Amino acid sequence: MKIYYEKDADISLIQKLKVAVVGYGSQGHAHALNLKDSGVKQIKVALQEGSASRKKAEAAGLEVVSVADAAKWADVLMILVPDEKQAVLYANEIEPHLRAGQHLMFGHGFNIHYNLIRPRADVDVSLSAPKGPGHTLRNQYQMGFGLPGLIAIHQDATGSAQAVALSYSKAIGNTRAGVIETSFREETETDLFGEQAVLCGGIVELIKAGYETLVEAGYAPEMAYFECLHETKLIVDLIYEGGIANMNYSISNTAEYGEYVTGPRLVNAETKKEMKKVLEDIQNGTFARNWVLENQAGAPGFHAMRQRMSSHPIEEVGEKLRGMMHWAQNDRLVDKSRN
């Protein structure tokens, strides 16, 4: 596995080019601001008409243009609008204005891997994917650090696709931590699996089930919140810092023993069998097709599930308890008024 660091990338390449960041959400705001702070002078944010993000981007000192105008102007287009919106936006606002030698970049391989976007052969197509949310990418950059990232080349029409992609990755801070060379397929499938089975789907359902079990047994919701949600960060921080063994070194023997005897009762062979089915749905395109169809119908199921989750009792309890933790409100990663 090839890993690139600061010395492997020439930041002057991206500094000489005209760069448009399409979208200004979690990833878009971090990419645009990190590029700007890294000396990329010719940078614009491309947004659709009426976008609520326009004021945020302009307040940050960034020039905002239409997506079509960005496609005509830029040498490098980083497409960071939500996955479900990219294909239509590309077909209507980007593809008609492309010229030979331009460089299309993506922060996630979803649309390329599942052939929802099929770029013409005379443009470069690459991936520069930070391994973390945009708010964390920006925070780490400002602290002088960086997030690990991934790089992949789908098309190299000019012969310089990799050099430019590495230069871009350096400008957003990824080479400070290391950039791993991969493929669009590998990035897409592992990313989706990690999100669904572990990081978002798995953890959230485990937290909810634990909380509900304690509350239904008569324990105070506040105690259930602390034990099943709040302390998750404390444990994950230890794992993040030095692995599972590092976490086990820090916790009590009682907690460690409980990990060994109880963990396998909850996550067992049946769980792993279901995980393999989840991976198969990702690999064969079932998940992608379902997500595309959901959005073509206006995403009614998605919005209903989002509403149910935001209305879960753990959210109300958490909001009340977090209001008591003033120290936890300092240096917030997410400030919805700015990013």
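Cβ from N, Cα, C; glycine included.
The domain 'KARI N-terminal Rossmann' annotation in Swiss-Prot covers 1-182.
Per Swiss-Prot, the feature active site maps to His108; the stated evidence is sequence analysis. Here His108 (active site) comes close to Asp83, Leu127, Ala129, Glu187, Thr188, Asp191: these same-chain residues lie at least six apart in sequence, with C-beta atoms under 8 angstroms from its C-beta. Under DSSP, His108 (active site) is assigned to coil, being neither helix nor strand in the three-state scheme.
Look at Swiss-Prot and you will find 183-328 tagged as domain 'KARI C-terminal knotted'.
Annotation note: Glu195 (Mg(2+) 1 binding site) sits in a helical segment as assigned by DSSP. On its own chain, Glu195 (Mg(2+) 1 binding site) has Gly201 as residues at least 6 apart in sequence with a Cβ closer than 8 Å to its own Cβ. Summarising the annotation, Swiss-Prot assigns Mg(2+) 1 binding site to Asp191, Glu195 and lists sequence analysis as the type of evidence.
The Cβ of Glu231 (Mg(2+) 2 binding site) lies under 8 Å from the Cβ of no residue that sits 6+ residues away along the same chain. What Swiss-Prot records for Asp191, Glu227, Glu231 is Mg(2+) 2 binding site.
The Cβ of Ser252 (substrate binding site) has no same-chain neighbour under 8 Å that is 6 or more residues away in sequence. Swiss-Prot lists Ser252 with the feature substrate binding site.
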List nothing but the one residue from Asp191, Glu227 whose Cβ has the fewest other Cβ atoms within 10 Å; the candidates are the binding-site residues.
Glu227
Secondary structure content of the domain 'KARI C-terminal knotted' (183-328), with strand meaning DSSP E or B:
126 helix, 0 strand, 20 coil
Average the pLDDT scores across the domain 'KARI C-terminal knotted' (183-328) and report the rounded value.
97
